[in-house]
Every structure is written in C-alpha cells, then in structure tokens.
Amino acid sequence: MNKYFSTKLSIFVFTAPALLLFTVFCVYPLLPEIWMSLHDHDGFRNLGFVGLDNYREVLSTPSFWTAHKNTYLIVAISLLLGLPLSMMLSLFMDVQTPRLRRFFKTAAMFPAILSVTVVAQIWLAFYEPNWGLFNSILHSIGLSDWTHSWLTEKKTVMPSIGLSFLWQYIGLNAILFYTGIKTIPKDYYEAALLDGASFAQVCLKITIPLLQNVIKYVLILSTLGSMAFYSHVRVMTAGGPGDTSRTVIYQMYYTAFDTSQFGKGTAIAVLFIIQCLVISFIIQRFVARGKLEF
Amino acid sequence: MIFLKVLSRVFWVAVGCTFLFPLYWMVTMALKSKNEAYANPFGIPTSWDWLNFGEALSKYHFYTYFQNSLIYTAGTIVLTLTTGSMLAYCLSRMQWRFNSAALFYVSLGLIVPIEVVVIPLFQLIKTLHIKNSYLGLILPYSGFAIASCVLMLYAFLRSLPKELEEASCIDGANVYQTFFKIIFPIVMPALMTQCVLIFIRIWNEFPLAFIIASKDQFRPLTVGLLSYFVNVGVADWGLIGASMLLSSLPMIIVYLIGNEKIENALTAGAILK
C-alpha cells in the first residue's frame, strides 16, 4: 500500500505547499537578516557593505544594554516568581473540590485569552497616578508615601510592566502544571499517605520530581516568551520614560522602523537569535535529562 | 490547622477573583459616564449609561477590525491545517527518502520567535507586493504555525492503525481520495486542537500585525484598538472601557462556550513532550 501511494507526484503534492510556506516565511528571512546586518540599509536602499560596523555600533549604544537588562529582568521575574507561583496554584487546585476547581481553572486562564492591548490598557488604569487602583488603595490604607507615578518613574516602570505580564500568564502555566499532575498515577499518593507523609513532603518528593517533563516544557515556553517581551511595553509606555523600559525586541523595532537603520536593527536581531539558541540549548541540555517512566 | 486551611483557601480564592477582575472592570467602566469614570473608577456604576457603546461603535471601526481579525485567523487556520496535515501525512505514511530530514527541518521552526524576523519579513512582503492585502499577514502566520501543526499531527498519525487505508487502497481509491475522505475525518480531534491553538495565537497576535498592517482598513482588532486608544487619549475612560469590552467579547464568548476544549488544546503540548 505504501508503495502504491508513494508516487513522485503524490509526494510532491503533499509536501510542497507546507515546505514552501515554511521555507519562504520562516527560514528564508534569516538569510536577508544576516546579509542586511552586514550592510548599511535604510529600509529602501542598500547603502553599501560595512562589515561588522553595525555590530560594533549597536554594542556601544547604551540603550542596547538597557534593553538587555530589562529583557532579562522580565525573564527573571517570570522564572523566579512566576513559575513557583504557578506551581503553588496548581498544587492548590489539586486538593480542591471539583466545583471550586472548575471555577479556578476558568478564571485562571481568562487573562491569557484576552488580547495584549486590552490587558495592557487595563493595567494602565491600575497604575494611573491620580485615580488608579494601586495609588487609591495605598491612600486609603494610609500609606500615601508609597504611592508612585508607577509608569513614569525610572525605578518602578519595569517591575510594574513585569507584574502585568506575570499576572497574565500565571494562570495558564498553573493549568499546564495541573494537567501534568493529573497524569501522575494515584498509587504513589496512596502509598505516601499510608507512610504518613505530609502535604509538603508529597509535593516535594513525589509531585515535583514526576512533573519534570512538564516543568521543562513550561520553562522553555516561558523563557522564550519572556525573551520576546514587547507588546506590553509598546502599549503601556512605548519604551518610556526615555529608553528606560525598552526591551531587546523593542529596541530592534525602534532602531529599524523609527530611526530607519535597518542594518543596525537586523544586527540586534542576529545577536538576539544567538542568545535564544544558546538559552534553549542550555535548557535542553541541563534540565530534566533523565527520562522518567511511570 | 483548620484555621490555616481556611486562610489559604480564602487567599487563593482572592487570587482567582483577581483573574476575573478585569472583566468586571471592563463591564462597569463601559457603563459609566465620563464624569463618573473619574469620580468612581473601580466601583459599581450608580447609573447605567449605555451611550458609550453607541459612541464607541460610531468612532471606533469595530466592524472593520473585527472582520479583518476574522479573515486573518480563518485564513491562517485553513491554510495551515490543509498544508500542515498533508505534510504530516506524507512524513508518517509515505515512502520518501527525506522523511526524517524534513521532520527535523520543520521542527527548527519552533525555535525562531516571529518577532526576531520582523525586519526581513517586512522587506519580503514589500517585495512580493502583498503588503496591503490580507495575504501579507496570512502567509507569514501560516509559515510560523506550520511547525507545531506538523509535529503534533505527525505524532497523532503515527499512533493510528493502517488498516483503514489498506481497505480503501484495496477498494481502488487513490491517495487523494484516501486522504481527504478517510484520514481527514479521523484526525479531526487533533485538527480541532490545532484550530483552537492557532485561533488564540493569531486572534491576539500583535508584534507583526503592528508593522505589516499599517493601513487602517487592514488592521486587526489588537492593533486597531491601540490606535483608537491613542486617538481617545486618556480623556474618556468610559469609551475606552466600551471599546475594550466590544473587542474582547468575541473571544470571551468563544471561551465560555468551549473553555474545556480550549483548555485541552492548550495543555496538549505539555503532555505530548
């Protein structure tokens, strides 16, 4: 049967459209990206080969480093704060009554299906300095000294944006973890309970180790997702004040489309792709290597 | 101990409510008049004011953006699912020398985030003269969605028995008939999962649409909403609330109808790995 179906023509018909789409729009753009990063390009004309000058200039721009600091701050927030919170949320969901769990799951995923524009605009209202939610609460409990103009002060702007991002995806990650928890056989828990293990022991010794494949998946997803952090910044602060809240992708957009330096923009992109590759390689190589069978 | 348990439950229920707070806030904000929006931004409106919706609908090009979002999403889904499932079928069933090479090649697509190739994509789309057309976004979206679609369907097809195809082969059906009449219906559950995933991703996609769909008549909801916010400024939060609610409503309705399907689709990847 396989022979009968596998004529040259049918193989061509079945593979060509997808491979063509994939190659032209997903793989091919990497070539002009590298080529452009070695040229002086203003978006319309190629103004000549400049070698590594774009890279040199990009690396000596202070904004480039601010952007990297911000991007990795977001990565740190979503990994060090977001993942543990999601994990706690999913462990909590696991011990609830089915009805409460249903409510919880529906609620938790809700922010993740809203569009970025809507979520960012909602948080703009929360951070509004005069009547925003946070400052109103702080005033009403007598902590007026703690109020800030959250999105226009250099110190608070990045953590504030990070919080909105964190809030949007905590629930989704919790549900991913919870799906993993459901696939762990119940016998393990029964055995642990018979031996008199506490809830904390069960979580640390059984659930989390057996969940490592799901943890790895979520880790890759949220690392790459927060590396490419851009849209929230665009809607909430447009990179301001000054360049303090630009992320790497924002800096790339800004360089290419706002200042018409496509060569430098692509140089930032190439450097960024290398970082993405290195980081996903590190995760693949060092996290959860042993295959678990249960 | 009991006290601790109650306390932790109260805490987590409060957390659950914060996830729903934006919905409450959008609805109440949309019903407030301009003055009340400032005086009472987070409470329940004292009088219901439906004027915001009318005004938002007349100034905010909701129908255009909604239609565009629908075209982009539907176009991407149709294109990705047909081409992707065909490729996955070939890789899992047909005898082709480059099967494993092609599979590896396609899986590379999972590493590159769409944001980093925006600049060359922008140039490419200008060169192909599809910048001011729906294809300008549908084609790159599909190109980027194909990787995960093919990998998932490939895993699904490999677990299917071959008897059905053998039967249809004996009955004299050719490969196209077999694929569209027999395989397509069987992989429907996997296709639905992909459908949901692509829908959520493309409906909310922002970075690429922001650059490529620069003409107002081609903007999807996410980008159109931002340009509307910029126009309104911070002057009228009632209007902003109404337009946010209008833009989110399609997604909220879809979510309320199919939240279990959506949940299964979103988590499918986590267990597959």
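Here the Cβ of each residue, glycine as well, is placed from N, Cα and C on the backbone.
Same-chain residues lying 6+ beyond the ends of the transmembrane segment (B:7-27) with a Cβ under 8 Å from its Cβ atoms: 42, 241, 244-245, 248, 252. Annotation comment: TrEMBL describes B:7-27 (among others) as transmembrane segment.
Per TrEMBL, the feature domain 'ABC transmembrane type-1' maps to B:66-258.
Counting only same-chain residues 6+ beyond the ends of the transmembrane segment (B:70-91), those with a CB under 8 A from a CB of the stretch are 99, 102-103, 106, 134, 137-139, 141-142, 145-146, 149-150, 153-154, 156-157, 179, 183-184, 187, 191, 194-195, 198-199, 202-203, 209, 220. Marked as transmembrane segment by TrEMBL: B:70-91 (among others).
If you look up TrEMBL, you'll see B:103-122 (among others) marked as transmembrane segment.
Residues annotated as transmembrane segment in TrEMBL: B:134-157 (among others).
According to TrEMBL, the feature transmembrane segment maps to B:178-200 (among others).
Nonlocal intrachain contacts for the transmembrane segment (B:237-257), taken as residues 6+ away from its ends with a CB within less than 8 angstroms of a stretch CB, comprise 23, 25-34, 36-38, 41, 49, 52-53, 55-57, 59-60, 62, 65-66, 199, 203-204, 221, 225, 228-229. The annotation transmembrane segment is assigned in TrEMBL to B:237-257 (among others).
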Cβ contacts under 8 Å made by the transmembrane segment (B:178-200) with residues that lie 6+ beyond its boundaries: 73, 76-77, 80-81, 84-86, 89, 145, 148-149, 152-153, 156-157, 160, 164-165, 168-169, 254, 258, 261-262, 264-266, 268
Outside the transmembrane segment (B:134-157), six or more residues from its ends: residues with CB under 8 Å to it: 68, 71-72, 75-76, 79-81, 83-85, 87-89, 91-93, 103, 106-110, 114, 121, 125, 183, 187, 190-191, 193-194, 197-198, 201-202, 205, 208-209, 212-213, 218, 220, 268-269, 272
Residues from the same chain, set at least six apart from the ends of the transmembrane segment (B:103-122), whose C-beta lies under 8 A from its own: 87, 91, 140, 143-144, 146-148, 150-151, 154, 207-208, 211-212
